[in-house]
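The following features are taken from TrEMBL:
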DOMAIN    22-244  domain 'Tetratricopeptide repeat protein 21A/21B N-terminal ARM repeat'
DOMAIN    290-534  domain 'Tetratricopeptide repeat protein 21A/21B second ARM'
DOMAIN    743-890  domain 'Tetratricopeptide repeat protein 21A/21B fourth ARM'
DOMAIN    931-1047  domain 'Tetratricopeptide repeat protein 21A/21B fifth ARM repeats'
DOMAIN    1082-1290  domain 'Tetratricopeptide repeat protein 21A/21B C-terminal ARM'
REPEAT    741-774  repeat 'TPR'
REPEAT    931-964  repeat 'TPR'
REPEAT    1176-1209  repeat 'TPR'
Amino acid sequence: MVYKPLLLTPRCPPYAFPQALIKYYCYEKYFNHAVNAAAAAQKKYSNDAVYTFFHAYGNLTQDQIQEAKVELDTIRDHRELSLCTLMALVYAEKKKTNPDREVIQELDAKVKEDRKSAPPKSLYYAGTFLWLLGRNDKAREYTERMIKLSNGSKEGLILKAWIDVTSGKDVYARKAGKYFDEGLKERADVFAMMGKAQYCEYHQIYSGALEIINQVIVSFPVFLPALTKKMKLLLSLQDWDQTIDVAHRLLQKDKNNLEALRMLALHSLCRDGNIIEVELTHFHTFILSFHICGRNEKVIEQTFRMVERAFSLAQGDSDLATELGYQMVLQGRIKEAMKWYKTPFTNRDHSSVSALTGMIHCQLIEGNLEDAEQQLEFLTEFQQSIGKSELLYLRAVLAMKRHRSQEEVTNLLNDAVDAHFSSLHGLPLGVEYLEKLNPDFLLEIVKEYLALCPAKPPAPGQPAAPQLQHCATVLDKVVKIVPGLLQAVFLLAKVKYQSGDIDAAQSTLQHCLDQCPSHADAHLLMAQIHLLQGNVRLCSQSLELCLSHNFEIRDHPLYHLIKAQTKKKTGELTEAIQTLQIAMNLPGVRRAGSSSKSKNKKSELSSADCVSVFLELAEALWLNEEQHEAAKVMQDAINEFSGTPEELRVTIANADLALLRGDTELALSMLRNITPEQPYYIQAKEKMADIYLNHRKEKRLEQNTEILGITTLLICMCVYPQPQKAIEAYEQALKKNPKDGALASKIGKALVKTHHYIKAINYYEEALKTEQQNFLRYDLAELLMKMKQYERCERVLHDALAHEPVNQLPVLSDDCRYLVLLAKVQNKVEKTEESILSLQRVMLKRMQLEQPDAVPMQKQLAAEICAEIAKHYTSQRGYERAVKFYKEALVYCETDRKVMLELACLYLTLGETDACQEQCNVILKNDQFNEDATLMLADIMLRKENKEKAVFHFQQLLERTPDNYHILSRLIELMRRAGKLEDASRFLDMAEKHSSRSRFDPGFNYCRGLHLWYTGQPNDALRHFNKARKDNDWGQNAVYNMIEIYLNPDNDTVGGELFETLDGEIGNSTEKQESEQLAVRTAEKLLKELKPQTQSGHVQLRILENYCLMATKQKANIEKALSVFTDIANNEKDHVPALLAMATAYMMLKQTPRARNQLKRVAKMSWSIADADEFEKSWLLLADIYIHSGKYEMALELLNKCISHNKSCSKAYEYRGYIMEKEQSFRDAALNYEMAWKHGNQTNPTIGYKLAFNYLKAKRYVDAIDVCHKVLAAHPNYPRIRKDILDKARASLRS
């Protein structure tokens, strides 16, 4: 169905506007508004009979029957209104408590008689009346007859369209759009336009509906229903900001507008979670707020009062009685709730299924399981008559209390969730959606799921409980729609914690505490997380915070449990035992297998936590050498939790006590009784493996397969590195269960682990031939890619994708994974076009994956796809598109730090420092010691010349780990660019003092070498780089740096002509030439040690090899190198190192114009950190050319650019000094040479000579003498400085 925008035509006549308003109010059931609008129209249009009819209809709907009948009698003989008036009189008579059947029969007969000769207008109003009553079929009959008699009346067509679009039947609704278009051909009828918007909304074309409503607002500014409709449509589009803006506009025009007030209340509840600001002015808002308030006591108190008042006005109303019962349940007043639920049956309303459902709920809470089960069996027969999800939920609760299998309970809960969400299908976001969503009910389901899961996160390598995935799916949906519901946010954090995603749990909890610092449960969970991480201090802080916000938390057993665990961690066993004994005496702990809901709702404790109190106390007593007391507590736990899912935890803990007593046989016999379908089975088998290997010292486990069982054997093999034995065990297990996909996958991974790659490939291929293990294709393709068998890998992936198109979520997910891997492979073999096509196919598949209730696994996959596409565009330098896809990845997975770091890095590459800083700050908010984010933030601070903040970030990391050499090396780089290299020495000293072995560490030597190189001490730098040269982490970078030093030890401008002849005697000495040639040969040897792993690394190696050729200064070699550089520049677009190398070669061949052209290209490019050194060298070389040509202004511009990016650039200051000297500005020249001398660490005699000379010319004789002494101390034979400067400066001082 295609939406066609409306073209505005002349407005409807004046009389049509009030009629449209009244009809719309009647349709929306705003009957009081309709009565008022009709009364106003009566005054304006001299008691027009049409408005009298609508006024009477409005009164009728409000049960003012007598007044309505009087009004209807006055227009009974009106030709155009007689038919609808007679129908209204019939309706009025039927609404009476004791209707007069004779009167009804008489009126009906009159209707049938008048209908035969009724004119078109009469049929029109009769059709309108029937439509407003909801009798669409009869209304359509009258309207079609009217259209036929009037030869296609526009008015009739519009009414027919309204009837069809509100009929709820697609067969009619599809045609409505055509009728609305017909009705709007001649003029812009407001009623038709509102109908067309309704048509678009019915077909979920919300943007089209909004466009029409905007036209109504422009054409009919006083038609307030259009603003109301716009507000609702914006909410359907989930645009809360604009929704609230429109609500405020409505209130400016009508301060008592109920819809606007309700929308503001919903916004405060749903988005902000601000209960205090909510103004509940509407009964439905009351009821709705009650379902999305997170069981806030104040809201429940308000809603209860209002429902109670409503019931007093409508005695015997079953729905209100049921609502009162439900609210009593939430207040924990179960007996009173039961009375209210029985009220409908007392009033002989035996059809109230919701009341019966409420009674069953109360019976389950009170433990009357027999009665509840009987009632549920009865309801199951009539389940179509009630919400199926609620019935399934009650069955799940009953199964849980009956200690049925976890699988049965989980299946019932899954069915309840599916049924619940299916009822929301097609509904736009709005009041009805929120009512049906019923977040409170969903949270109850989540709590039942959680009751089936272990309270602690899984051990590393172990899967989380499958129920947690269902919890996450439900909670993601709730939090997305109602982010202000903090109870849902807290439960999501709890699910993430129990799933093992600790970082995400902390982040979610922090958001919860930011919104509500007094959230006691959130503080307790944060304390548990800190305890899990071993941070006892932060755990204690969380407990103290919790207590400061809520003193009643002392009555919560969980508070005492966590406190005791912290005491036990710090060795305070006596205090831990006392604290646990307090917890044992609190209400809610000693309840065998109950759901642990005490009368005090704030003291809710899960069964898992109840068990933990017992087990922690038993362990603490045993550690305190009170074995007898520990055994008594353990026996109490066995008695208390017998027959519950938590019984197994008690069994495992009991086995631990048996081990402590040295009774391994008893421990094993206890653990053997735990079967595979029971929870904690894996933990039990791991414990058995530990007993066999560490207590009984049985190494030849493979001989005991029958005794141990396959599972225990596999755990032993994998936990204790015996992969070869694991393979044999897996194969035995697979023979017993050939369809076990997990085992098949593990065999392949075990073969890879033992480096049997060919055997692994053969195994995968054989397994795939059976067509039962197709999921192994991905493992095979991944292995082939790692082994660089790209062609075979492509074939496997193409085979996996060669199937008929399907729309099943698992298949779409697998296809996306295959396509992403295929794009990676194609990228590696430089099939760029094919790689882009693969990624485009991924995008199409991903669009199909985007479902509103997509589980986190699908969201994670979508995020990975987007990130992979972003990496591809980054490698192709399509940075804007890369940014777009990184942002999209974060929409799916907001907390993915890897993606956030990659995006921040990309922003930094693009020079968008503010965006980069924002990303880094988000990362550091959740992980304050994240190295990469801190490094980037420090880099940004240095670029913004905010040295203090940059150093602060590095101090944070280096004070924690002074020997973090990756950070230290980056700090030295950044200090150099800030012109503060002298400050880096402090951090090097810190690292050296941190460990006595620091001086032997390759990382430390690399950092020391880097610092020495940058401070003009190349020989010492080479010595330290040489110590790092053989290291896996630092070796390659150290070798690169050594090669650069050997090729250019004095950091000259290679190819520059300006300083070429200066200091000619030394420069042309035979000794120096031999030294240079020896350095080149050493560099060539070092080149053989380089093993680049990336394409860019190979290009860099080629460039260095040809720099070595140029260093021989032989024309043939330079031309050969130039050819290679040209080839690289042609293949790599805007490759700065290649362009610089070409320019250098041209300069050495004395082809200055060609060199200048290449350097100008570089000068026009945007600077990037990746090519920072090459940009600097290019600008210096171009400045050299300009200075040689006398173009000083152009040269200065380039030199200033060098210094802005690297304030330690000694050569740039030297060139600036030369320009000033040439312009006879000796003081300025001296200042620049002074900076060059400083940043060269006062080691370069040439710069020392120039500085002393300009001091002499500037008449700073003492400074000139001082510099001369420093140069001569290091270079006693340096030519001319004694005669030209030192002697003259002394003579000038004497005179």
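Note that Cβ sites are derived from N, Cα and C of the backbone, with glycine treated the same way.
Note: TrEMBL annotation is automatic and uncurated.
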Of the stretches 22-244, 290-534, 1082-1290, which racks up the most C-beta pairs under 8 Å with the domain 'Tetratricopeptide repeat protein 21A/21B fifth ARM repeats' (931-1047)?
1082-1290
Same-chain residues near the repeat 'TPR' (1176-1209), Cβ under 8 Å, at least 6 residues beyond its ends:
976-981, 1014, 1053-1058, 1136, 1139-1140, 1143-1144, 1147, 1152, 1155-1156, 1159-1160, 1162-1163, 1167, 1215-1216, 1218-1219, 1222-1223, 1239
Per DSSP, the repeat 'TPR' (1176-1209) contains 27 helix, 0 strand, 7 coil
The domain 'Tetratricopeptide repeat protein 21A/21B fifth ARM repeats' (931-1047) resolves under DSSP into 95 helix, 0 strand, 22 coil
Could you pull the average pLDDT for the repeat 'TPR' (741-774)?
65
